[in-house]
Amino acid sequence: MISLLQEAVTIAADEHTESVASSVAHGEVETATGLPQLDVTTFANQIFWLIITLLVLYWVVAKIALPRIGSVLSDRQGAMTGDLMAAEEFKLKAKEAEAAYDKALADARSEASKIVAANRAEIQKELDAAIAHADAEIAARTAESEKRIREIRDSADANAREVARDVTAELVRSFGGTVDQAAVDQAVDSRMKGALQ
Amino acid sequence: MEGNIGELGQYIGVGLTAFGMGFAALGVGNVAGNFLSGALRNPSAAAGQTATLFIGMAFAEALGIFSFLVALLLMFAV
Amino acid sequence: MATEAHGEATGLSFHPMDQFIVRPLFGDGEVHWYTPTNVTLWMFLIVAATLALLVMGSRGRAIVPTRGQSVAELAYGMVHKMIADIAGKDGLKYFPYVMTLFMFIVFANLLGLLPLAFTVTSHIAVTGVLAAAVIIGVTVIGFVKNGVHFLDLFWIRSAPLAVRPILAVIEVISYFVRPLSLSIRLAGNMIAGHAVIKVFAGFAAIAAVAPVAVVAVVGMYAFEVLVAFVQAYVFTILTCVYLKDALHPSH
């Protein structure tokens, strides 16, 4: 392929010598006569400099650039996995703390409810005692009152019976009869029984 | 206008090579279009095939570049 | 000849190929093999750019990368992944050379896009040497690693026996076309892009079409930036594919 190209170029160069000469004679800037890519006279130069450049570039890339970037990338990978692990640890810790907090909260709540229950029981007890005391007092007062009412009623009964007996005796006497004390008592009693019951 | 018949043939030949570039364009468009229609059907598989896409486009395009090379040789080296 | 004929006929001067001329850096003289030329200058700049990106960029060795360092790491990661994916883990031994190739081509292409620059990868001589180095290297690696089994690459055992000779011929031809297509693809893309930009720029001399020409140059320039990168990528990825063939010749 290359030799074919060379042949073509040399033929072309032969043909165009005239036009090159004319353009140089005109004092123009150097222009391309034919394809510069096919100018075999510059191939050796290009290949020489290309090989040197590639060697230098290979040395730079292989010895300096790639190891450095590779180490940076692996460092970052390491740092990232380290950070992720640390984050995981922190997450675990946070979870533990949350659990502890929850437990403390539950404890406090149960303690509070215990205290509330105790207080309530105590108050209930006091209340019960007070109610019982009050009941006892009320009962005592009621009994006393009943006793007094009964006394009053009894005395009232006796008085009424006395008055009724007196009145009966007097009525019998005014009608001219003799007063039989026993009969009067009996009559009054039988009458009063119904009224005072 | 004067000139020789050889130069005329040269220019006609160069013009004809432009068809080669046009057909290469069809080829590259075909590759890209088929890739796109496939990628839209199955987007998850598309990412792994971009390399294949570029290789296919490069092969299709290389033949168009060959016709360009023929044009250059006709213009400058014959 | 062709360019001058145009120039005289229309008053326009197209010299799209002038930018590819190899000139001595100092004075006018013959270009000997040792003469420092614009090839030398731009190859030196390629080395300088690679140094700036890969070495200066990663100077800090920062865990959280700076801008330059992250670009360097991106390039490293891209080429590394390319080799690992295509050629396999045992291809990573050749990572430095593939990285060298990639950095050289990508910087040659991109620096070549600077105004007044010289594009070293637009020369068949340069790309031919790059491609030949890849193909010869890969062939040597193939024979050293696999011995005679490397020829299994051409003798496809999964095909029917009757078809194998035909396939072998096709495979041999395609094997020898590889360096050709590898070098001409890269050089052809570079020549074509730069020549087209130059031709559009030449049209800017006519006032009536100058705005169109300028817009076209801008568009082509953007396209060429893409092409510059894609061609470097393609060259590298094809190197990886050929390396895979050498390391694992059985299909």
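The backbone N, Cα and C atoms fix where each Cβ goes, glycine too.
Unlike curated records, TrEMBL annotations are generated automatically.
Going by TrEMBL, these are the annotated features:
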TRANSMEM  C:39-57  transmembrane segment
TRANSMEM  C:94-118  transmembrane segment
TRANSMEM  C:124-144  transmembrane segment
TRANSMEM  C:156-177  transmembrane segment
TRANSMEM  C:197-218  transmembrane segment
TRANSMEM  C:225-244  transmembrane segment
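Long-range neighbours of the transmembrane segment (C:197-218) within the same chain, counting only residues 6 or more positions beyond its ends whose Cβ lies under 8 Å from a Cβ of the stretch, are 12-16, 19, 224. Sequence-distant residue pairs (6 or more apart) of the transmembrane segment (C:225-244) and the transmembrane segment (C:94-118) include at least 3 whose Cβ atoms are under 8 Å, placing the two stretches in contact. Of the ranges C:94-118, C:124-144, C:156-177, the one with the most Cβ pairs under 8 Å to the transmembrane segment (C:39-57) is C:94-118.
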